[in-house]
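Asks: Following this message is one structure expressed as structure tokens.
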Amino acid sequence: MSSIVVVGTQWGDEGKGKITDFLAEQSDVIARFSGGNNAGHTIQFGGETYKLHLVPSGIFYKDKLAVIGNGVVVDPVALLKELDGLNERGIPTSNLRISNRAQVILPYHLAQDEYEERLRGDNKIGTTKKGIGPAYVDKVQRIGIRMADLLEKETFERLLKSNIEYKQAYFKGMFNETCPSFDDIFEEYYAAGQRLKEFVTDTSKILDDAFVADEKVLFEGAQGVMLDIDHGTYPFVTSSNPIAGNVTVGTGVGPTFVSKVIGVCKAYTSRVGDGPFPTELFDEDGHHIREVGREYGTTTGRPRRVGWFDSVVLRHSRRVSGITDLSINSIDVLTGLDTVKICTAYELDGKEITEYPANLDQLKRCKPIFEELPGWTEDVTNVRTLEELPENARKYLERISELCNVQISIFSVGPDREQTNLLKELW
């Protein structure tokens, strides 16, 4: 048995989907373990581009299982729209499996997300307003509705009526707004559940069977470590745990099942939404990176904030996620810059620190300490080995590996599959 966890080491959008797809060819099962349809990833398959939000990357391989684990929050209507879109383009989806313990996102979660963000005013978090946070809140409050409940008509009716009564009082008191009614929700979402019924099962058992059969399992992360509810830039984070350790909770397998953890990063840094970003760029270099790298959110379409590579962030991610191997994407985006920079430490109140602060106010006062390296002008998009890279590009990657104390096992010089290069066998 072998398994690999793929996690983002920054604030999401690192290219995890492409790396997951790249590794999926040799795996038997691909499983998601956190997040919801707030996570967007772009996949190149069969010469076409696909943008997925809930469906695991493994859906494109009909001989492999694509699993949505119990740690994922599922909007049934959004999921069906995604599945229908794939079917219309000739992609079969019969290999999908959904955990019967996954929480369901309902219309009142989307409304609550909108109202709460509005109430925050200038302190808004930058939520995608997909209902993710409120769904996880209901899970912890033990009033959440799970996929297993959605499939049973009487159970769903009883729980939905109870929740709407609670939400109506909450919405009125907190926002002076009304909650979507029972009639607005019940028939549409029960019907959606019935359409998804064939996919719903105990996915923990599927994964356990795969391990017993000595199959290869790939765990697909969403967002990034710096958006982790515990280890990220709190409170500007997501509502779940994208770190590798959440594989055990989010899919129902034991920690001994994990063999390797691949941390995916860009050769620079990007972020969507609000929150601290010590190496953020506002100059021509930032404009170059955003436009050449097409830095616009898959889910929101919002322009991403961009900045220099931050080794303080990556060291933090390596430690809290147990990263064994590094995949560096988008090296080609930096081509043409005279100088490239790596943040090696921060200056906080006149002192140099090398670890990421937990306190938000301290983080806002941090100034990046940069190491400058010469850039390169040579086209790298057809490079297939480290040795073929321009010397300056190769030294840049080697310095990142050295600063972060993790080996580079994959590097990518463009968006296409053939531009993703494996430096060592991972399975």
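Residue numbering: from 1, along the chain as shown.
Yeah, the Cβs are placed from backbone N, Cα and C, and that goes for glycine too.
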Asks: Hey, Swiss-Prot has IMP bound by Asp13, Glu14, Gly15, Lys16, Asn38, Ala39, Gly40, His41, Thr128, Arg142, Thr238, Arg302. Any idea which of Gln112, Gln223 it lists too?
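Replies: Answer, per Swiss-Prot (IMP site with Asp13, Glu14, Gly15, Lys16, Asn38, Ala39, Gly40, His41, Thr128, Arg142, Thr238, Arg302), from Gln112, Gln223: Gln223.
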Asks: In sequence order, what residues of the same chain, 6+ apart, have a Cβ less than 8 Å from the Cβ of Gln223 (IMP binding site)?
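Replies: Expected: Gly8, Trp11, Gly12, Ser34, Gly35, Asn38, Ala39, Thr238, Ser240, Pro242.
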Asks: Among all protein chains shown, how many Cβ atoms are found within 10 Å of the Cβ of Gly301 (substrate binding site), not counting that one?
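Replies: Its Cβ shell of radius 10 Å holds 9 other Cβ atoms.
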Asks: What is the Cβ neighbour count of Thr128 (IMP binding site) at a 10 Å cut-off, with all protein chains included?
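Replies: Its Cβ shell of radius 10 Å holds 22 other Cβ atoms.
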Asks: Would you please pick out, from the binding-site residues Lys18, Arg302, the one with the fewest other Cβ atoms within 10 Å of its Cβ?
Replies: Arg302
Asks: Out of the recorded positions His41, Thr128, Gly301, Arg302, Arg304, give me the one sitting nearest to Gly15 (GTP binding site) by CA distance.
Replies: His41
Asks: If H, G and I count as helix, E and B as strand, and all else as coil, what does DSSP give for Gly301 (substrate binding site)?
Replies: coil
Asks: Using C-alpha atoms, which one of the recorded positions His41, Thr128, Arg302, Arg304 comes nearest to Lys18 (GTP binding site)?
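Replies: Of the recorded positions His41, Thr128, Arg302, Arg304, His41 has its Cα closest to that of Lys18 (GTP binding site).
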